[in-house]
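Features as listed in TrEMBL:
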| type | residues | note |
| --- | --- | --- |
| BINDING | C27, C63, C97 | [4Fe-4S] cluster 1 binding site |
| BINDING | C173, C177, C180 | [4Fe-4S] cluster 2 binding site |
| DOMAIN | 18-136 | domain 'MTTase N-terminal' |
| DOMAIN | 159-391 | domain 'Radical SAM core' |
| DOMAIN | 392-455 | domain 'TRAM' |
Amino acid sequence: MNFDIEKLDNEQATNKNKLFCISTFGCQMNEEDSEKLSGMLKRIGYERTENKEEASIIIFNTCCVRENAENKVYGNLGRLKKQKEKNPDLIIAICGCMMQQKGKADEMLKRFPYVDIIFGTHNSYKFPEYLNRVKTEGVQVKEIVDKETEIVEGLPIDRKSDTKAFVTIMYGCNNFCTYCIVPYVRGRERSRKPKDIENEIKELVAKGYKEVTLLGQNVNSYGKGLEESITFADLLRRINEIKGLERIRFMTSHPKDLTLDVVYAIRDCDKVCEQIHLPVQSGSNRILKEMNRHYTKEQYLELAKKIRSEIPDVTFTTDLIVGFPGETEEDVNETIELIKEVRFDAAFTYLYSRRNYTPADKMENQIPDDVKHERFNKLVKISNDVIAQGNKEAEGKIYEVLVEGTSKNDESRLTGRTRNARLVNFEGSKELIGQLVNVKIVKANSFSLIGEVIK
Ligand code: SAM
Ligand code: SF4
Ligand code: F3S
């Protein structure tokens with residue numbers, strides 16, 4: 001289905017000088033959805049602000065993957081009560097994954113009756129329509145679509161960066177890992193047509209973008225259900241042909257589906273970067289089975305070894321869950337051994353969080369919070385040591401860096417990433433932003449590198 005973008009253009013004049021603010025929680029999927037909400041709002045004349053106090057529209061794009069993600073939204077909405085009392089014209093909207101949970105939208109309306117619009121992940125393209133109804137009819141709008149809809153193409157996107165862009169290649173997830181709520185709130189897998197993906201990337205390149213990250217909960221199962229027969233490896237090879245594009249990244253790869261044809265495509269395609277986000281979750285076979293992950297520690301290690309032998313400069317990043325029901329000290333030790341063996345470049349470690357409707361929520365032997373925290377601290381310390389060691393090995397080497405902007409901590413410095421996704425800060429002229437430069441690493445910090453541009 002194609003979005004009717006011109007329909008938005010009639011409203012531009014009415015919204016001149018009005019501002020909106022979007023707070024985004026969760027993963028890159030939500031980031032990309034927020035870029036589309038922002039794109040639609042700009043198209044109808046609004047401008048973006050980061051300051052809620054001056055905004056006419058405030059949107060919370062929510063996440064429910066862990067309990068703390070939800071708590072952040074409650075806190076934020078509570079604080080808006082006074083602002084809405086002072087300014088009744090303020091429009092407050094909540095959307096995203098949290099709203100897709102059964103009964104959640106009604107619960108939110110009860111708790112925060114001053115919210116004006118609630119919608120879910122499958123109908124966010126209708127936001128301008130909802131906004132119009134609130135403004136013209138003065139009603140409260142709540143619309144949650146339970147089942148995934150047809151993919152909507154052609155939405156305007158207001159991207160955060162001018163250099164690199166997220167491009168969603170598929171929506172939803174079919175895996176049902178026993179701890180995870182994502183399949184319940186994002187629906188089943190649906191792939192975008194390759195032509196639509198290629199056209200979007202060509203448009204980005206024409207605007208000067210150098211890097212794309214292809215997004216999906218499990219990019220390796222791309223293509224299923226499409227009329228055209230195509231795999232993820234084929235898609236990588238096709239995107240690699242796009243002239244002017246410099247770098248291709250992708251996330252997330254499920255270890256059970258990362259086949260050798262994908263490994264060979266990464267090896268053969270000059271634009272595909274040597275970096276793989278390969279969430280392992282646990283190093284214990286017993287826990288992996290309980291998690292419904294469909295691979296063993298040995299298979300994961302074998303895969304990582306094979307990838308390293310084909311792609312020598314490759315770096316691996318991962319996600320880890322600590323405190324899954326029934327986890328023992330022995331299981332944690334197995335995860336520690338795996339971290340040391342794979343030598344991850346980054347590890348996102350999460351405390352297991354009970355999620356409604358998921359099988360793991362009903363499992364016995366839930367782990368007490370203090371034990372979870374203790375194990376978490378242990379895992380984080382070991383991962384950090386491994387990461388620092390990997391960074392140390394980069395010292396003295398020269399890397400190609402895509403300059404993304406100025407460093408967050410020091411505006412006088414530039415920042416960017418190597419092809420294998422290491423973060424590098426260095427001195428240089430702002431004119432280099434958006435360009436590829438060669439940088440020699442002079443010092444490794446725990447989570448970043450300091451470099452010097454090679455003339
Ligand atoms: N589809 C991706 C995958 O399979 O790796 C990413 C899914 S999720 C958005 C990102 C990470 O959140 C997962 O890899 C997992 O480590 C973590 N996660 C998911 N559910 C969780 C839960 N109930 N408690 C703690 N962490 C969770
Ligand atoms: Fe969640 Fe598993 Fe799907 Fe990732 S693959 S989104 S962890 S169910
Ligand atoms: Fe992402 Fe959170 Fe939804 S992790 S898919 S925004 S539940």
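Every residue gets a Cβ built from N, Cα and C, even glycine.
As the structure is a computational prediction, the values presented were derived from the model and not from experiment.
Ranked by Cβ neighbours within 10 A across all protein chains shown, the binding-site residues C27, C97, C177, C180 are led by C97. Within 10 Å of the Cβ of C63 ([4Fe-4S] cluster 1 binding site) there are 23 other Cβ atoms, across all protein chains. C180 ([4Fe-4S] cluster 2 binding site) sits 14 Å from C27 ([4Fe-4S] cluster 1 binding site), taking the CA atoms of both as reference points.
Straight-line distance linking the Cα atoms of C27 ([4Fe-4S] cluster 1 binding site) and C173 ([4Fe-4S] cluster 2 binding site), rounded to a whole number, equals 14 Å. Every protein chain considered, the tally of other Cβ atoms within 10 Å of the Cβ of C173 ([4Fe-4S] cluster 2 binding site) stands at 22. For the pair formed by C63 ([4Fe-4S] cluster 1 binding site) and C173 ([4Fe-4S] cluster 2 binding site), distance between Cα atoms is given as 15 Å, rounded to the nearest Å.
C173 ([4Fe-4S] cluster 2 binding site) and C97 ([4Fe-4S] cluster 1 binding site) have their C-alpha atoms 13 Å apart, to the nearest angstrom.
Taking the Cα atom of each, C177 ([4Fe-4S] cluster 2 binding site) and C97 ([4Fe-4S] cluster 1 binding site) are about 17 angstrom apart. Within the model, the domain 'MTTase N-terminal' (18-136) shows a mean pLDDT value of 95, rounded to a whole number. Helix first, then strand, then coil: DSSP counts for the domain 'TRAM' (392-455) stand at 4 helix, 34 strand, 26 coil. Checked against ligand 2, the binding-site residues C63, C97, C173, C177, C180 give C173, C177, C180 as the ones with a Cβ under 6 Å from it, listed in sequence order. Excluding C27, C63, C97 themselves, the residues of that chain whose CB lies within 8 A of the CB mean position for the [4Fe-4S] cluster 1 site are, in sequence, F25, G26, M29, N30, T62, C64, V65, A69, G96, M98, V182, V185. Those same-chain residues not listed among C173, C177, C180 yet with C-beta within 8 angstroms of the centroid of the [4Fe-4S] cluster 2 site C-beta atoms are N175, F176, Y179, I181, V182, P183, Q217.
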